[in-house]
Ligand code: F6P
């Protein structure tokens with residue numbers, strides 16, 4: 001049962017934006033109001049909490065946003081929140097308004113901040129995993145991942161058309177600072193010949209041998225999908241490979257921030273809505289300082305401090321699929 005009653009919730013988005021964050025905000029606001037709570041929007045993540053950029057939200061504040069990318073609350077990465085003084089300022093702003101519960105939509109760094117804040121000032125915090133990278137253990141999906149992957153797939157399909165017309169090798173870089181999930185999913189879904197991710201060491205000899213073997217049997221169109229956080233990155237890889245295979249025409253395409261924008265997919269809207277609803281339930285039931293995940297299509301509640309320690313692992317079987325299916 002609840003240790004204390006949460007009556008006023010603050011909601012914020014923090015870190016890199018992710019499509020579906022608006023759907024999550026909408027779910028928090030409307031579920032909170034339905035249950036008789038007041039809900040406050042905090043602008044620009046923890047920065048807005050420190051600056052006191054906080055406003056009361058009504059049901060209509062979140063009308064017509066479920067289909068929009070970005071975040072109506074704006075977002076930021078806030079260095080000041082790493083300091084005790086910053087967090088103290090943030091707390092005093094919440095206190096002035098009587099806010100006694102927080103929902104933080106963001107990645108593991110944002111959860112780390114929430115955990116510390118909640119320990120220091122006894123404000124219950126609930127995290128919702130919002131990041132295109134899907135780099136948080138304890139949930140099968142994060143808000144924004146599905147949209148980002150679909151954006152990448154659409155772009156890679158287009159690149160393949162031109163690669164095919166010219167018999168070229170394309171190295172396509174997708175986002176993922178520490179995580180190869182966007183690369184892995186979009187690469188498999190587009191039939192990429194190779195997928196390079198930060199979780200695994202890249203063996204350039206292996207890539208070159210495989211390409212030579214493919215050239216030998218006249219398989220001339222090749223797509224290599226590289227995660228941004230992989231040890232070489234697309235530009236460096238292209239340089240090395242051009243030196244080693246001067247006869248090969250290589251082009252680089254870096255997809256960049258287009259993967260972060262756009263209308264969220266149905267899947268992202270759905271998980272964001274379910275997670276936002278569950279976050280308010282957690283605050284009502286006294287299930288504090290957890291983040292909401294979905295595992296095997298069921299809601300899971302993971303302590304915030306565990307979320308910050310773990311990273312997902314990418315199993316050997318994934319790479320085997322890539323190798324066999326792209327042969
Ligand atoms: O964490 C999401 C992400 O899109 C990463 O994949 C990428 O490395 C990073 O954010 C880019 O951050 P910024 O928009 O601050 O350059």
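Glycine is treated like the rest: Cβ placed from N, Cα and C.
Small disclaimer: the values here were computed from a predicted structure and weren't measured.
Feature list (source: TrEMBL):
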- 133: active site, proton acceptor (ACT_SITE)
- 16, 77, 78, 107, 108, 109, 110: ATP binding site (BINDING)
- 26, 27, 28, 29, 30, 160, 191, 192, 193, 217, 219, 220, 221: ADP binding site (BINDING)
- 108: Mg(2+) binding site (BINDING)
- 131, 132, 133, 168, 175, 176, 177, 228, 251, 257, 258, 259, 260: substrate binding site (BINDING)
- 8-283: domain 'Phosphofructokinase' (DOMAIN)
Largest inter-residue Cα distance among 16, 77, 78, 107, 108, 109, 110 [record-listed ATP binders, Å]: 14
Length of the line joining the Cα atoms of residue 219 (ADP binding site) and residue 110 (ATP binding site), in Å: 45
Residue 193 (ADP binding site) CB neighbourhood, other CB atoms within 10 A: 22
Conformational class of residue 30 (ADP binding site) under the three-state DSSP mapping: helix
78, 221, 258 as binding-site residues, winner by CB count within 10 A: 78
Number of Cβ atoms other than its own within 10 Å, given for residue 177 (substrate binding site): 13
C-alpha spacing of residue 191 (ADP binding site) relative to residue 16 (ATP binding site), in angstrom: 28
Packing count at residue 110 (ATP binding site) (other Cβ atoms within 10 Å of its Cβ): 32
For substrate: widest Cα to Cα gap among 131, 132, 133, 168, 175, 176, 177, 228, 251, 257, 258, 259, 260 in Å: 33
Cβ under 6 Å from ligand 1: qualifying recorded positions of 28, 30, 133, 219, 221: 133
Those residues of the chain, 6+ apart, with a Cβ under 8 Å from that of residue 260 (substrate binding site): 16, 17, 18, 19, 69, 132, 144, 148, 175
Residue 191 (ADP binding site) versus binding-site residues 77, 108, 110, 258 - nearest by Cα: 258
Output field, ATP shell: CB within 8 Å of site CB centroid, site 16, 77, 78, 107, 108, 109, 110 dropped: 14, 15, 45, 106, 113, 131
